[in-house]
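K.L.:
This structure is in structure tokens; I'll ask about it shortly.
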Amino acid sequence: MVEAVETMDGWYSLHDLRTIDWTAWKLASVEEREEAIAGFEKLLTKWDAVEEEKNGSHVLYKIVGQKADLIFMFLRPTMEELNDIETELNKSKLGEFLLPAHSYVSVVELSKYRPAKDGIDPETLPETQARLKPILPKWEHICFYPMDRRREAEENWYTLEKDVRGKLLYDHSKTGRKYAGKVKQIITGSIGLDDWEWGVTLFAHEPLQFKKIVYEMRFDEVSSRYGEFGEFFVGNHLPNESVASYLKI
């Protein structure tokens, strides 16, 4: 029987994508729009306070293209807190103008393919905890996509022995390390939580780096033989101080 790998799991994650009902927004009175913006800015301040206490993290980006207008990414210790955030946003004044476009539920994940060093459980290490409960970077650009591991008769990831899978993933990680300082990656596991098996969230200062790293990684065997990919969502950072100008009519 093929051995499953043990995972280390951190904060729960919600990617919440919204389309703005611009027609309704333009028809709203100036007072309504100002109320909506002020209320949303209070939500941002509230989320910032949670992040400062290191009890979660979040980012907000403007999506490029027609798939959505905004993408929120939230990290929290519990699924209930993610639900509360989503409901709070829906109940806000701005929420009246935000239409659901897409969502993805998962949990920050690291795999234990490599044996414990000196008998120390890697999950107990501070650097591991920092990766499982990360403060999301506020870099200029984001790229999010879901993925699966292929399960076909001749190329089935789940029939490979654990050491073979570990070797393929290690080789894959070497490609990723070439982009250190250029691309920040957060892997979230979603088996049993959403329609795909993993979510990949990339952050970069220069969007061309998304194309470069994804293209180069496609040649790694773990991707070329065993990778299946969903829709890609790419966006530009929307800092708190730019929200009002972004929504201004």
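For all residues, glycine too, the Cβ spot is worked out from N, Cα and C.
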K.L.:
Quick check: of Ser103, Ser111, Ser223, which does TrEMBL put in the same Fe-coproporphyrin III site as Arg131, Tyr145, Pro146, Met147, Asp148, Arg149, His172, Gln185?
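P.N.:
Same Fe-coproporphyrin III site in TrEMBL: Ser223.
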K.L.:
Give the sequence-ordered list of residues that share a chain with Arg131 (Fe-coproporphyrin III binding site), lie 6 or more positions from it, and have CB atoms under 8 Å from its CB.
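P.N.:
In sequence order, the residues whose Cβ lies under 8 Å from that of Arg131 (Fe-coproporphyrin III binding site) (at least 6 apart) are Gly10, Val108, Leu110.
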K.L.:
Does anything in the same chain, at least 6 positions from Asp148 (Fe-coproporphyrin III binding site), have a Cβ under 8 Å from its Cβ, and if so what?
P.N.:
Trp196, Glu197, Trp198, Gly227, Glu228
K.L.:
Give me the Cα-Cα distance between Ser223 (Fe-coproporphyrin III binding site) and Tyr145 (active site), rounded to a whole Å.
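P.N.:
Rounded to the nearest whole number, the Cα-Cα distance is 14 Å.
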K.L.:
Just counting, how many other CB atoms are there within 10 A of the CB of Tyr145 (active site)?
P.N.:
19
K.L.:
Return one of helix, strand or coil for Tyr145 (active site), based on DSSP.
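P.N.:
In three-state terms, Tyr145 (active site) counts as strand.
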